[in-house]
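Scroll down for the structure; my scribbles are underneath it.
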Amino acid sequence: MRFYAAHSVGGGWCIGTLHEGNITKNSSCRSVSVGFPIAMMVTGMVGNSLALILVYISYRKKENQRKRSFLLCIGSLALTDLFGQLLTSPIVISVYRADLKWDRIDSSGYLCPFFGVCMTTFGLYALFMASAMAIERATAITNPHWYSNHMKTSVTKQALTVIWCLVLLFALLPIVGVGKYTRQWPGTWCFISAGDREVPGNMFFAITFAALGIFSLLVTLSFRHVTVLKTVERLTTETVIQLLGIMCVLLICWSPLLVLMLRMISTQTSSHECNSISGKTNLVPGRGNHLNCNFFLTAIRLASLNQILDPWVYLLLREILLRKFCIMANAVSNCSMEVRKDTQTPVLLIQIVLLPTNRCHTENKMA
């Protein structure tokens with residue numbers, strides 16, 4: 001899932017406002033830079049492509065047969081993130097090049113629903129994949145015999161296909177009338193308006209999306225706890241470390257947005273209220289509304305980083321890099337200990353030399 005909630009101006013963030021279906025810029029916005037979305041797209045594509053290559057190489061090795069199911073999950077996640085970037089990033093870049101006026105690139109009105117389907121599909125799939133990987137690792141560690149006999153790669157492929165189909169069917173619900181994908185503040189992405197009761201099905205879809213996301217996070221956390229407990233007495237494996245890294249990234253990136261969606265649903269507020277607040281430039285917005293809109297933007301930006309960070313977690317937490325990191329850490333630790341010894345040696349020599357003098361001086365006084 002990829003969506004950019006604001007555009008970069010002079011190193012900062014410039015927030016647009018919605019007026020009559022188009023994006024207009026405030027007086028403080030002078031230019032629109034497409035460098036930020038392009039940089040994020042390139043970083044994500046490079047990371048996911050490298051992750052796919054390394055997963056394929058590891059999958060072909062005979063010594064990795066026991067963790068092929070985990071590698072399939074990692075590869076499926078990287079492939080999904082890559083497709084998400086290829087499908088949504090060009091839309092975002094086109095909006096930036098169109099001076100943030102969505103109607104210039106979507107005169108037919110079909111692009112917004114497509115963007116919403118992509119956002120829902122790739123977002124939920126990443127959450128479910130983390131849960132699937134946590135369950136797979138917990139099963140492999142707690143029940144190794146059952147895992148080796150029943151957990152074949154064919155079963156993993158079938159499970160991944162079922163998860164993908166279910167997520168896609170859920171994302172298509174607004175297309176068939178259960179809710180409606182609309183542009184969200186500040187107008188650079190499309191989704192269901194949380195808290196908007198005017199369109200039938202919006203509340204059901206928003207509540208279900210948030211509930212499924214939080215449920216998948218809870219499942220990931222619970223099975224991660226079981227996995228860590230079972231690996232305390234043994235050497236932590238590479239896959240467990242990678243799973244912990246992906247879980248931490250997922251938790252940090254998605255928790256704010258999911259919790260905010262539930263809050264907006266309970267208070268019946270929508271992101272469209274930020275349009276009227278930011279649009280009245282001659283009025284000073286209330287502190288509460290201003291903070292809510294800023295937090296909304298922050299939550300969206302965090303969620304947009306998930307596709308970029310996931311592959312790099314896998315790349316950086318590989319066994320060969322972990323070994324090199326441990327070697328470097330040991331070298332630094334040994335160097336620091338040697339420096340301490342070198343600094344302590346002159347002090348000890350001085351104490352040894354001065355000790356007899358002090359003792360003689362004391363004996364003379366006593367005499």
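Using N, Cα and C of the backbone, Cβ positions are placed for all residues, glycine too.
Pulled from TrEMBL, these are the features on record:
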TRANSMEM  34-57  transmembrane segment
DOMAIN    47-314  domain 'G-protein coupled receptors family 1 profile'
TRANSMEM  69-96  transmembrane segment
TRANSMEM  108-128  transmembrane segment
TRANSMEM  159-179  transmembrane segment
TRANSMEM  203-223  transmembrane segment
TRANSMEM  243-265  transmembrane segment
Would the transmembrane segment (69-96) count as touching the transmembrane segment (203-223), i.e. at least 3 C-beta pairs under 8 angstroms with sequence separation of 6+?
no
Same-chain residues near the transmembrane segment (108-128), Cβ under 8 Å, at least 6 residues beyond its ends:
1-3, 77, 80-81, 83-84, 87-88, 91, 102, 163-164, 167-168, 170-172, 174-175, 181-183, 189-192, 209, 212-213, 216-217, 250, 254, 303, 306-307, 310
